[in-house]
Structures are given as structure tokens and as C-alpha cells.
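All remarks here apply to the structure that follows.
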Amino acid sequence: MNWGVFEGLLSGVNKYSTAFGRIWLSLVFIFRLLVYVVAAERVWSDDHKDFDCNTRQPGCTNVCFDHFFPISHIRLWALQLILVTCPSLLVIMHVAYREAKEERHRAAGGDNYSRIYPNPGKKRGGLWWTYLLSLIFKAGVDVVFLYIFYRFYRNYTLPRVVKCELTPCPNVVDCFISRPTEKTIFTLFMVVTACVCVVLSLVEAAYLIGKRCRECLLASSAESRR
């Protein structure tokens, strides 16, 4: 990936976010994305190769591995990070659309044109709704993936030994997971950071709604005084 483009996207997201949004972005980038890229992929690189069952029956190990690991942690986390960061990019695209519309209006109106958006990045109108829905979507994605992990891997932990009796295994066999303690620690770390991100998104949504309600109340009170 071109890191210059990536840096530009990050600066754009940071520019149009609130204080809560900047904390969320730092948490996602440092504690989720970097941990995923630097450490998590290496921890799970040997999950299938070192998944060992005490049988030589052809196909038994593969069937048992697929049963206990229906979806890889790494692939689930990658999909989660993609889905949770896309709404922030939609906010940037909405601001870019406003700026382009303002530029076209300026070119068509000449010196006598009136501004459509005094500040294209200010969260008003459609942009306010885009930002609010992006927060709800991000929180929803994290909650859904937390549920998926809980359903697939009970209590987000990995046991040292699992028992498998699926066909073509000849009987109940013991299968041993590679580095279960280390994988459990990384899983719990990612779960905790996802929970913190959910809380931040909900707090930011409440802040936006509260601020908007306060502005509406102040505007109505000022109108009644007139």
C-alpha cells in the first residue's frame, strides 16, 4: 500500500472528527491495526500446520481443524477492520463532494455567487447524518463481530486440547492447538480494544445528538425572544 495515500486518508479522518473520533482513530490504528499487522499474523501463521491430532487417519486432522476453527481469527479481524474503517472514508467522500459542488457553483456564479456551504467540513445537514450513521455502523460492526467470535470460540479462549470424533476419525481423538495461551491473550486484547471502540462510538454519537439538541433549543429560544 502507498503509505502517502494512507497518511492522507488518516489526516482527513482526523480533521473532520470530534475529540472522541480522534481517540477512536488512534485506538484503531495503534492498538488494532498495528498489532494485527506486526504480531497477530505471526502468532496465527502456524495454526493449521501445528494443529496435531493423535491419529494417522488421512483427513482426520483437516476435518477436526475445520470443525474447531471454522473461520480464522486473522481473516475475521481483517474483515472487521475493513468494515469498521469504511464509514470514516464515506465522511471524507461526503466532504469532498461538498467542496466540489461549492467549486462548481463558484465557477458558474462568477463574482456574484453566494456560498452553498460556508464551511464544507462543518457537520450540518446531510453531513451530520452521514457522520452519525457512520458512528452507529462502526459500533454495530464491532458488536456483531464480538458476537461471532463468542459463538465460534466460547469465552474468547482457546483450549490446549480438544476432542474430536468426526468422520473419518476412527474414534475419539485428542487434538492439540499450537500456542493456545498466546493466541488467547491476543484474542482477549483485540476483544477489549473493540469494546472500548464501541463505547467511544456510542459516546460520540450521544455527544453529537446532545450538541445538536442544545443548538436547536438555543435557536428556538432566540427566535421566541424576537
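Keep in mind that glycine also has a Cβ here, set from the backbone N, Cα and C atoms.
If you look up TrEMBL, you'll see 42-75 marked as domain 'Connexin N-terminal'. According to TrEMBL, the domain 'Connexin cysteine-rich' annotation covers 141-208. The transmembrane segment feature in TrEMBL is assigned to 20-39, 76-97, 128-150, 185-209.
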Could you break down the residues of the domain 'Connexin N-terminal' (42-75) into DSSP helix, strand and coil, giving a count for each?
14 helix, 2 strand, 18 coil
Which residues, given as numbers and ranges, are at least 6 beyond the ends of the transmembrane segment (20-39) yet have a Cβ under 8 Å from it?
10, 13-14, 74, 77-78, 81, 84-85, 88, 138, 186, 189-190, 193-194, 196-197, 200-201, 203-204, 207
Within the domain 'Connexin cysteine-rich' (141-208), how many residues are helix, strand or coil going by DSSP?
44 helix, 8 strand, 16 coil
When the pLDDT values for the domain 'Connexin cysteine-rich' (141-208) are averaged, what is the result?
89
